[in-house]
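Enquirer: Got a structure here, written out as structure tokens. Questions coming.
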Number of protein chains: 2
Amino acid sequence: MKPSASDSDGRKITEKELIDVFSDVFRFSKKPILSGSEFDDCAAVRFSFFTSVLGSDSDNADLLRSTSLLFSTDTVHRKSDFPPSMSPWQIGWMSAAVNLSDIAGMGGKPVAFLVSIGLSADFSLNDARELALGINDCVSMFGAEVIGGDTEFHDELTITGTVIGVSENKHVLYRNGAKPGDLLCVTGFAGSAGVALDLLLNDPSFQKAGVSINSVSPAFLKNLTEPYPRVFEGRALSKTGAVTSMMDTSDGLAASVHELSERSCVGFVVDAEKVPTEGEAFQILSQVCPTADSAKQALFEKALYTGGDYELLFTVSPDKLKAVEAAFEQLNQQLNQQLSRQSNQKDGGKAFKSGKSPSRFTVIGEATKDKSVLLKTESKGQIQLISLLKKGYDQFDK
Amino acid sequence: MKPSASDSDGRKITEKELIDVFSDVFRFSKKPILSGSEFDDCAAVRFSFFTSVLGSDSDNADLLRSTSLLFSTDTVHRKSDFPPSMSPWQIGWMSAAVNLSDIAGMGGKPVAFLVSIGLSADFSLNDARELALGINDCVSMFGAEVIGGDTEFHDELTITGTVIGVSENKHVLYRNGAKPGDLLCVTGFAGSAGVALDLLLNDPSFQKAGVSINSVSPAFLKNLTEPYPRVFEGRALSKTGAVTSMMDTSDGLAASVHELSERSCVGFVVDAEKVPTEGEAFQILSQVCPTADSAKQALFEKALYTGGDYELLFTVSPDKLKAVEAAFEQLNQQLNQQLSRQSNQKDGGKAFKSGKSPSRFTVIGEATKDKSVLLKTESKGQIQLISLLKKGYDQFDK
């Protein structure tokens, strides 16, 4: 009835072996956590553990009173989330990253992570260890710890993460705060994950043009397989006081703009020319499309309508844009220092090397009083405003 | 590639419909929760929301300082957790109950619940609503609220819950506090879920004896299909100050006694005659077994070595047993009052009616300095001490 996982030598894996592997990887400092759930029914954690990441005196009563916890849960599984050729480490990384991105989307700091792992029969004990390392590397890179979990076998590899973050109440950012006149901004680049997915799925047009995963940089594929949650950017943005609304773009850029529009009761005009795309994505599509214009258009479609980019979409009062620019400048200095420290560690720095650094953001449009979501394009000197389609990643459509 | 769920009329279910159904069921009071995750990337919750269930002045600085949060996550899925004939409501109830039982095992109060639902193609929109109602009824019966979640389609129905509970630091109970001389106690009855599972799986010996689910009381089957987490009992026990260690028995009684032994570095002598079993379980097995003695033995095996009972196993200083007795007396008074209130509600009181009330506990043994876990039996006036087998529910063994 149940799948039963075997190790590489054909020997059946026992529950104890698996728990030992996970416990070994998910070691955490025991001090603030009264108990980790590998020993008891639950992990028990003092409030001060959550506030310790916010202030030096984590037990301060005012800090405790003015703090919120952020919670999110997300499931990823083999058929819908892991393209072929993803390694166990990458699968682990991704299952943590998609959850951390939700904390980033509200400007919080991730603190703790729980993970329920339904392992499939094709995983060896070493694969399980690599998976756990991927989770742990991602969680710890962004300052959080794995505090609990559950493990079992499942026909289809299925991983559910739950992340707990923290933020001062006043710094939590929602989707409903955009005002007419606010500038619409997005971090990083859009569309790269969508192009990488076509590559990994060996799309016929790519096959025909002789473009394969071997002809692109490894860093480019990581845009899809090692999503980099914008935790540091989200936190820096929330502390500027300049941002009026925010969310992550995991369902795609166009879908996210529509979501901000609906929640904030404003419209948007998105400037097509300003949507940031990566040079390598354009080069790849240039080999597949007949003209440079059609390659540009194809990449633009990916940028707007495919998911998997995990960037942050946010709005800023125009008079406070300078504060956001300053925050990114400061953040890049910090990240560079961190990068040089982490590159000395075994698994550290992987994501930083994947081309996600330096951090950047681009103003791509403006919020309007009129509630339509429009796309501004220019062709032969003629400016056109057309409706931005409300479509994006929808797991239910597949 | 993906399963696509259809409604009863064959029409494909859209994501929006499903989210609307879940949002409608998982309504919650918005006051203390800044945002629920159906609108934003995360649910944002103030600390005072968690402490409000502990004291009237939930914003009290000392209360905040002296409080711990409890976290646990558990996945249940079709093949390993839902016997045939379980209704969508029961599946929902169970997926919440197994998580709440972990909070109970540490003496905490459940406060918030997140749920990730991987719906399979055999579920209609109405089934999905019933599933959500089952989750919500269980969570709200024990004083908690659904604050966030995730939904998608999955080949196999898969539900991961994450529960957040709260407790004063001093009242959290662990597995490692038992001392030699402490009395070993268990709530409720053991083995009923195991007998109910054989019935639901239509075990050949039952078939042969003409015993089926139709020949037993509906309440008896609910021992398996509507597990009743001992949240109220766990909390009452933690507040007595008399309990030295505790855990739930979800993996079986014998396995749990061994676990307390290992964590607490003590041994136990379990008195076979004292292990509490239900009259109806014995009646059922009497129809299957050739003699009363063999029926008694068969039930005893179920009581020790099968999972699914979700009772609490705990140790008490012998001089403080009276405090525990008094706590159960008080609890039963409270539960009876609650029952009469809830029986007026639509779905309320279901579990109370399933024979889980009144609350009870039984002293079944004693902790010893010697670390062996022994079973004391008496046959024809001869007392025997044999090793209690370390076996129980192991999903990996199936």
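These residue numbers are counts, starting from 1, taken along the chain as shown.
Cβ coordinates come from backbone N, Cα and C, glycine included.
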Enquirer: Considering the Mg(2+) 4 binding residues A:Asp41, A:Ser72 given in TrEMBL, which of A:Asp20, A:Asp24, A:Asp102, A:Asp122 is annotated for that site as well?
Expert: A:Asp102
Enquirer: Of all the binding-site residues given, A:Ser72, A:Thr73, A:Ser250, which has the fewest Cβ neighbours within 10 Å once its own Cβ is left out?
Expert: A:Ser250
Enquirer: Give the residue counts of the domain 'PurM-like N-terminal' (A:59-166) per reduced DSSP state, in the order helix, strand, coil.
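Expert: Its residues fall into 44 helix, 40 strand, 24 coil.
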Enquirer: Short of 8 angstroms on C-beta distance to chain B, which of the listed binding-site residues (A:Asp74, A:Asp81, A:Ser250) are there?
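Expert: Checking chain B against the binding-site residues, the residues within range (Cβ-Cβ under 8 Å) are A:Asp74.
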Enquirer: Which residue, of the binding-site residues A:Asp41, A:Asp150, has its CB surrounded by the fewest other CB atoms within 10 A?
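Expert: Candidates: the binding-site residues A:Asp41, A:Asp150. Fewest Cβ atoms within 10 Å: A:Asp150.
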Enquirer: Of A:Asp41, A:Asp81, A:Asp102, A:Arg175, A:Asp248, A:Asp251, which binding-site residues come within 10 Å of A:Thr73 (Mg(2+) 1 binding site), going by C-alpha to C-alpha distance?
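Expert: Checking each Cα against A:Thr73 (Mg(2+) 1 binding site), the hits are A:Asp102.
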Enquirer: Please report how many Å separate the Cα atom of A:Asp150 (Mg(2+) 1 binding site) from that of A:Asp41 (Mg(2+) 3 binding site), as a whole number.
Expert: 11
Enquirer: What does the structure give for the C-alpha distance between A:Asp102 (Mg(2+) 3 binding site) and A:Asp251 (Mg(2+) 5 binding site)? Integer Å is fine.
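Expert: For A:Asp102 (Mg(2+) 3 binding site) versus A:Asp251 (Mg(2+) 5 binding site), the Cα atoms are 12 Å apart.
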Enquirer: If one measures from the C-alpha of A:Asp74 (Mg(2+) 1 binding site) to the C-alpha of A:Ser250 (ATP binding site), what distance in angstrom results, rounded to a whole number?
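Expert: About 12 Å separates the two Cα atoms.
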Enquirer: Suppose you look only at the domain 'PurM-like C-terminal' (A:235-332); what would the mean pLDDT be?
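Expert: Averaged over the domain 'PurM-like C-terminal' (A:235-332), the predicted model reaches a pLDDT of 96.
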Enquirer: In angstrom units, rounded to an integer, how far apart are the Cα atoms of A:Arg175 (ATP binding site) and A:Asp81 (substrate binding site)?
Expert: 25
